[in-house]
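Below is one structure; the comments refer to it alone.
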Amino acid sequence: MEGPAGGSGTASSAIADWSLVFWTLCSVLLPVLLTLWCSFQRARRQGMIRDIFRKSKHDWHYTDLFGQPSYCCVCAQHILQGAFCSCCGLRVSEGCLKKADQLFLCKEIMMRSSGGAHSSMPHHWIRGNVPLCSCCAVCKQQCGTQPKLCDYRCVWCQYTVHDECMMDYLKTEKCTFGEFRDLIIPPYYLSTINQMRKDKRTNYEKVVPYCREHWMPVIVLANTRSGNNMGETLLGEFKILLNPVQVFDLSKTTPAKALQLCTLLPCNAARVLVCGGDGTVGWVLDAIDEMKIKGQECYIPQVAILPLGTGNDLSNTLGWGGGYAGEVPVEQILRNVMEADGIKLDRWKVQVTNKRYYNLRKPKVFTMNNYFSIGPDALMALNFHAHREKTPSLFSSRIINKAVYFFYGTKDCLVQECKDLNKKVELELDGERIELPNLEGIIVLNIGYWGGGCRLWEGMGDEPYPLARHDDGLLEVVGVHGSFHCAQIQVKLANPVRLGQAHTVRLILKSSKMPMQVDGEPWAQGPCTVTITHKTHALMLYHSGEQTDDDASSSSEQDHMREQSDEDI
């Protein structure tokens with residue numbers, strides 16, 4: 001009797017053990033399988049979304065959280081995340097993306113050919129998600145106040161209209177392109193120009209709005225890698241307000257290629273807004289110089305700046321501010337571009353000829369807009385760039401960038417790597433040898449600002465020195481005693497060592513290796529001869545907006561400069 005009972009107990013124990021193993025495996029494998037299935041579905045869904053984005057005429061972008069209450073333009077449901085078009089402003093849920101892409105047209109950069117020339121176009125209305133605090137063009141009451149998909153917005157003139165105010169005549173009314181009509185390149189203009197080029201006709205003067213007196217189309221060139229990485233956001237905002245064909249991402253399109261759009265526009269009418277740092281501005285100005293070489297001088301645009309870099313000294317000099325962080329609406333920026341005055345900027349050729357190579361090596365040639373320097377500030381820039389090359393992801397904020405500069409400046413105060421510079425170099429101004437005092441650095445200035453907002457030539461402002469100008473063909477040359485002296489000058493506790501002004505500057509580095517920089521681009525340089533001569537002028541735009549205390553003292557001088565530039569232009 002004990003044998004069968006013992007066998008039965010052993011069998012039930014084995015079953016219990018296998019049951020435990022089974023459920024243990026289920027508890028382990030089921031979450032793993034669910035995770036794998038969800039990952040597969042997510043990857044499949046993202047692949048479908050990318051495929052729609054790639055084939056669509058809309059400029060779709062995906063966001064995990066909309067910045068304002070949003071409703072899907074297809075199903076009218078409230079959505080927290082989904083896709084939006086940075087050109088026309090459509091917002092859709094993920095599930096309605098494919099249907100929205102088929103139902104709604106995006107902004108047309110060029111009108112479809114339908115025979116004959118055009119001089120107007122109808123409104124392009126989009127329902128719902130109107131801008132906050134917008135008013136109805138008919139009844140002047142606020143739009144978008146109801147918690148649902150309601151009201152209309154024209155993607156060209158930005159007019160908003162209530163659902164109940166959208167009358168039949170308004171649907172067929174011609175679009176005026178709104179407040180920024182003088183900055184927008186209309187789609188019908190491009191289609192007409194395209195047809196004329198096919199017919200080998202170049203008499204664009206009769207095409208509307210080419211013949212309009214105050215038309216000054218703007219081309220926006222944005223560097224998405226500059227400073228605080230605001231370029232991507234700005235690209236979308238400018239595409240909403242302008243024709244998307246006028247807005248270029250410089251990480252995808254070079255300035256030389258983007259500026260060829262100027263050749264389709266009236267002579268001397270185009271304006272360029274550069275969104276980036278001083279280095280980006282120099283890149284664009286180099287491309288404009290190439291246009292001169294190609295014989296396209298009559299299409300040269302005037303250049304405005306939206307400062308996204310770290311230093312932004314050229315932007316400061318021209319009245320556009322020391323840095324943009326989104327505090328000014330894009331609409332106001334475009335108004336500032338329309339109201340800005342034309343002014344000239346000297347550009348200089350910096351030639352660096354190495355010694356000890358029996359003239360076998362070609363000299364290095366740079367173009368200078370802001371300043372050239374040798375000494376502690378060039379050393380700080382060199383260390384900063386070396387650090388940024390190693391870990392670029394850390395340098396996404398203007399505050400972090402300036403903190404790193406401060407660190408290297410403090411380090412140099414203790415180490416003094418550039419001391420006894422006066423024994424290592426010779427300086428000539430317009431061919432005259434200058435006796436140098438005990439210095440660690442020499443700075444050659446073309447513009448009024450240096451070092452992220454300091455008026456270096458004026459110093460403390462307690463001495464009657466004339467203000468530095470950027471259109472007089474003269475360079476200001478100053479010396480500094482070290483990094484601590486630079487810091488004192490920046491907070492107006494000291495004056496620079498003013499060495500003089502000149503049309504041509506020649507600097508000879510006799511021995512050792514020293515840090516140098518041109519417009520914030522640094523390198524380590526051995527014995528050489530540096531020659532700085534005038535190269536050309538650039539046509540810039542000066543914004544006479546709100547002034548700081550430093551700027552107020554120079555306002556009369558700037559007014560005189562603009563009047564002089566107007567006469568020259």
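The backbone N, Cα and C atoms fix where each Cβ goes, and this holds for glycine too.
Feature annotation from TrEMBL assigns transmembrane segment to 20-40.
Taken from TrEMBL, the feature domain 'Phorbol-ester/DAG-type' covers 57-106 (among others). Looking just at the domain 'Phorbol-ester/DAG-type' (57-106), the mean pLDDT is 91.
The annotation domain 'Phorbol-ester/DAG-type' is assigned in TrEMBL to 122-175 (among others).
According to TrEMBL, the domain 'DAGKc' annotation covers 213-354.
The region 'Disordered' annotation in TrEMBL covers 546-569.
According to TrEMBL, the feature compositional bias 'Basic and acidic residues' maps to 557-569.
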Legend entry - Helix-strand-coil residue split for the domain 'Phorbol-ester/DAG-type' (122-175), DSSP-based: 5 helix, 13 strand, 36 coil
Inset, instruction - Could you give me the DSSP helix, strand and coil counts for the domain 'Phorbol-ester/DAG-type' (57-106)? - result: 7 helix, 14 strand, 29 coil
